[in-house]
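According to TrEMBL, the protein carries these features:
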TRANSMEM  6-32  transmembrane segment
DOMAIN    23-324  domain 'G-protein coupled receptors family 1 profile'
TRANSMEM  44-64  transmembrane segment
TRANSMEM  84-103  transmembrane segment
TRANSMEM  124-146  transmembrane segment
TRANSMEM  166-195  transmembrane segment
REGION    235-257  region 'Disordered'
TRANSMEM  271-292  transmembrane segment
TRANSMEM  304-327  transmembrane segment
Amino acid sequence: FSGPMFVLLMAMMVTLVVVIVLGNALVILAFIVDKSLRRQCNYYFLNLAISDFLVGAFCIPVYIPYTLTGRWTLGRGLCKLWLVMDYLLCSASVFNIVLISYDRFLSVTRAVSYRARQSLSHHAVIKVIAVWVLAFVLYGPAIISWELLVGRSRVPKDECFAEFYYSWSFLLSASMLEFFSPFISVAFFNLSIYLSIRRRRRRSRDTHLHLQLNEPAADSGEAVLLSGLKLTRRGSIPSQCSSPSIAKLDPSPSRSIHPSRLARDKKIAKSLAIIVCVFAICWAPYTLLMIIRAACRGRCIQHHWYEVTFWLLWLNSAINPFLYPLCHSSFRRAFNKILCP
């Protein structure tokens with residue numbers, strides 16, 4: 001790279017590292033400082049923050065010199081370690097996003113049983129361990145043993161990439177588990193959440209109208225008040241682990257105005273759509289490009305496009321702290337305690 005381009009790229013990379021490390025460190029510190037955050041659902045946010053923090057603290061700093069110089073000078077041992085850690089942490093981040101979406105899905109569709117299980121933290125620990133095991137099994141053994149199974153290494157000494165880099169069948173199979181299945185799952189869970197919200201609001205509106213029409217005129221004020229309390233209890237999800245949009249869904253019959261409800265529905269749909277879209281934007285280009293690159297053995301994709309999609313993956317680790325924990329009021333309160341004591 002030329003001098004100005006070298007400086008620009010270095011500044012952008014360092015900025016990304018700082019944002020990832022500080023953003024995710026804040027989530028981890030909040031979990032340590034504020035005991036009220038130590039609920040089952042928040043363990044998934046902690047796990048996501050740990051995986052993303054390590055991406056910024058280890059994976060990117062090791063890769064920066066390789067990107068700027070085009071040569072790997074840290075030896076084969078550190079290359080293997082870096083590959084294992086990078087694939088492990090990125091895969092764990094994806095599986096954590098799926099786990100968070102699944103947890104939100106349960107908090108909405110099975111609210112009663114979900115709240116009853118919040119004190120059982122060992123369930124969360126088991127799921128967290130499963131995420132790391134699955135993330136390692138997906139790529140770890142292949143990175144470590146591929147060279148031994150094939151009988152020779154195809155990676156030049158001054159480069160660092162996985163031996164299965166051009167194995168189309170392996171990358172397609174791994175991509176099904178690492179991107180396509182998680183993306184479909186996240187989209188399904190968040191769509192189900194939104195549809196559940198719509199149904200709950202519709203039932204609340206219909207019930208309120210029915211009560212208003214059937215209550216005597218003299219008692220209408222009290223009836224509306226009581227129905228509002230009942231509907232609020234039935235319609236809300238009083239768990240701290242619900243998403244910020246969901247937590248504000250307590251139906252308020254006394255303000256049953258269709259335009260305002262429609263506006264809230266649109267806001268909820270937008271926030272849930274952002275989760276799915278950010279995940280797709282950060283992961284789809286890399287996944288598709290890797291499959292295409294392996295199929296044509298690198299002859300149809302220029303290297304700089306691969307680099308762009310690679311950094312887009314890591315950008316997801318910078319977005320996650322803002323997209324998930326920072327959107328929760330309980331985490332925001334903890335952040336205020338830390339930053340403004």
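Even glycines carry a Cβ here, placed using N, Cα and C.
Please treat TrEMBL annotations as automatic predictions, because they have not gone through curation.
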Stretch-level contact, the transmembrane segment (124-146) and the transmembrane segment (6-32), CB cutoff 8 A, at least 3 pairs: no
Which of 6-32, 44-64, 84-103, 304-327 contacts the transmembrane segment (166-195) most, counting Cβ pairs under 8 Å: 84-103
Average model confidence [pLDDT] within the domain 'G-protein coupled receptors family 1 profile' (23-324): 80
Maximum Cβ pairs under 8 Å to the transmembrane segment (84-103) - stretch from the list 6-32, 44-64, 271-292: 44-64
